[in-house]
Amino acid sequence: MVPQALLFVPLLVFPLCFGKFPIYTIPDKLGPWSPIDIHHLSCPNNLVVEDEGCTNLSGFSYMELKVGYISAIKMNGFTCTGVVTEAETYTNFVGYVTTTFKRKHFRPTPDACRAAYNWKMAGDPRYEESLHNPYPDYHWLRTVKTTKESLVIISPSVADLDPYDRSLHSRVFPGGNCSGVAVSSTYCSTNHDYTIWMPENPRLGMSCDIFTNSRGKRASKGSETCGFVDERGLYKSLKGACKLKLCGVLGLRLMDGTWVAMQTSNETKWCPPGQLVNLHDFRSDEIEHLVVEELVKKREECLDALESIMTTKSVSFRRLSHLRKLVPGFGKAYTIFNKTLMEADAHYKSVRTWNEIIPSKGCLRVGGRCHPHVNGVFFNGIILGPDGNVLIPEMQSSLLQQHMELLVSSVIPLMHPLADPSTVFKNGDEAEDFVEVHLPDVHERISGVDLGLPNWGKYVLLSAGALTALMLIIFLMTCWRRVNRSEPTQHNLRGTGREVSVTPQSGKIISSWESYKSGGETGL
């Protein structure tokens, strides 16, 4: 993080940044001097604009930071994780089913995440049903895979919103920040590819509820706006203001560090990068009310001094000090040279420390150089003492100094990294600790016949089956050949039995048993 001291550098570089709440005011532009009568003396109205003759006051509305607005704007969101739950079943030969669940991840789409979040927030039973594992299917001797693509919604997941560039800061984001949330892109990537972060409210601008409408008086000269009197009665000049967006709302950062949004035709430059604004809290409001009361009191003291001058017809350096303008801007300076009352137009600037205007003994710095004195007299009651030191009759009230210190300390840091360790994701595959399944459609895939063997076992089984088939073929072929040999042998044996010749004892050849029988009978 940026060191807190560095955040104040822009305010310390420019003395005018402390604007309406200095410890003292002194002209940075002065002259020329001209003699006047005591009837030309007047008290400055520090609550009404006197810049460049802008005296036309009219009521108007403007927007400022809410009272009680804190530096870290919390934005509620949720994380959406894509999960694929796979149920794998195998049914063996005897019908025994084995089920194995596996879990993988995928990157979800923002639209699907928003729909799932709405389901969860509305209490839709479909979200509760989606938390179950997929119901597995099974087939005999086959491996069946049933998958569910689920969306896991975890809420709340709080991020810090930077009002300057509308970036988000949390440890769940890569590098701790996300600057891509806009109308066209309503999600942030996280430290895991399968998880995205989305704001609970799809309209990001509604989450930046830090503004309030106020009423005041606009000070203008023609079409040019010089400044305005705020709702608490304190005048704020637009001189030196710059344009600055907070939460996408265009406004003006004034020289005192406050931020307002108001319509003006003035040409205004953009603020430099890294420019900060002051917070608006109850304490600053209370002090500003006290400042207004103090300025009113100072004006009453000035009027009393002016009345004393008119009554006694005499002027002193102490009384002239009451006529000094107490806030930066255009006004008058008064002095007495050679018993003559003198007046000069002046533009006052704020002073933070006395060393700024009294850098050394006897030197009153005005406009960057030591201002000459006339017989030990400067202006506005400032004189040179007998010892050669510059004597200033009074200084601003302690309330103004207190308010100035408050404005210096109340700035919005540029970065607001979330320090809540409960939302830090773990490395590796440990993200499954927070995964709860959200169920979309079911997809089934049925494999071929599977005996449940590993790859090497399948090859052994195929080899054994091929060998067995080969042996069976050889056996069948052998049997077939034996059958073919036995049939011709039996046929030949039957033919020989009918044609065989028998030789009797008499030596006569008998062709057959029948011939032998008939011959024997005849002989007999």
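From the backbone N, Cα and C atoms, a Cβ is placed for every residue, glycine too.
Worth saying up front: this structure is predicted, and the values here are computed from it rather than measured.
Residues annotated as topological domain 'Virion surface' in Swiss-Prot, with sequence analysis given as evidence: 20-459.
Annotation source Swiss-Prot lists disulfide bond at C43-C302 (among others). Sequence-distant contacts of C43 (disulfide bond), defined as residues of its own chain at least six apart whose C-beta falls under 8 angstroms from its C-beta, comprise R299, C302, L303, L306, H322, L323. Under DSSP, C43 (disulfide bond) is assigned to coil, being neither helix nor strand in the three-state scheme.
The disulfide bond annotation in Swiss-Prot covers C54-C226 (among others). If you take the C-beta of C54 (disulfide bond) and look for same-chain residues 6 or more apart in sequence within under 8 angstroms, you find A219, S220, K221, E224, T225, C226, G227.
Here Swiss-Prot flags N56 (among others) as N-linked glycosylation site. All chains included, 14 other C-beta atoms sit within 10 angstroms of the C-beta of N56 (N-linked glycosylation site).
C113 (disulfide bond) counts 25 other C-beta atoms within 10 Å of its own C-beta, drawing on all protein chains shown. Residues or ranges marked as disulfide bond in Swiss-Prot: C80-C113 (among others).
Of all Cβ atoms in the shown protein chains, 20 besides its own fall within 10 Å of the Cβ of C178 (disulfide bond). The disulfide bond feature in Swiss-Prot is assigned to C178-C188 (among others).
Taken from Swiss-Prot, the feature disulfide bond covers C208-C247 (among others).
Within 10 Å of the C-beta of C242 (disulfide bond) we count 14 further C-beta atoms, all protein chains included. Look at Swiss-Prot and you will find C242-C271 (among others) tagged as disulfide bond.
Classification of N266 (N-linked glycosylation site) by DSSP places it in coil, neither helical nor stranded. Positions annotated as N-linked glycosylation site by Swiss-Prot, on the basis of similarity to another entry: N266 (among others).
For N338 (among others), the entry in Swiss-Prot reads N-linked glycosylation site, with the evidence type similarity to another entry. Every protein chain shown contributes to the tally, and the Cβ of N338 (N-linked glycosylation site) ends up with 8 other Cβ atoms within 10 Å.
Per Swiss-Prot, disulfide bond is recorded for C363-C370 (among others), and the stated evidence type is experimental evidence. C363 (disulfide bond): 13 other CB atoms within 10 A of its CB, across all protein chains.
Per Swiss-Prot, transmembrane segment is recorded for 460-480.
Taken from Swiss-Prot, the feature S-palmitoyl cysteine covers C479. All protein chains considered, the CB of C479 (S-palmitoyl cysteine) has 10 other CB atoms within 10 Å.
If you look up Swiss-Prot, you'll see 481-524 marked as topological domain 'Intravirion'.
Cβ neighbour count within 10 Å across all protein chains ranks C226 highest among the disulfide-bonded residues C226, C247, C370.
When the alpha carbons of C208 (disulfide bond) and C80 (disulfide bond) are compared, the span between them is 23 angstrom. In the three-state DSSP classification, C363 (disulfide bond) falls within coil. Considering only the recorded positions C80, N338, C363, C370, the residue whose Cα is spatially closest to the Cα of C242 (disulfide bond) is C370. Ranking the recorded positions C188, N266, C271, C363, C370 by Cα distance from C479 (S-palmitoyl cysteine) puts C188 first. Under 8 Å, Cβ to Cβ, and six or more positions away along its own chain, C80 (disulfide bond) finds P108, A112, C113, A116, Y117, L151, V152, I153, T195, I196, W197, M198. Ranking the recorded positions N266, C271, N338 by Cα distance from C178 (disulfide bond) puts C271 first. Across the fold, the C-alpha of C247 (disulfide bond) and the C-alpha of C271 (disulfide bond) stand 15 Å from each other.
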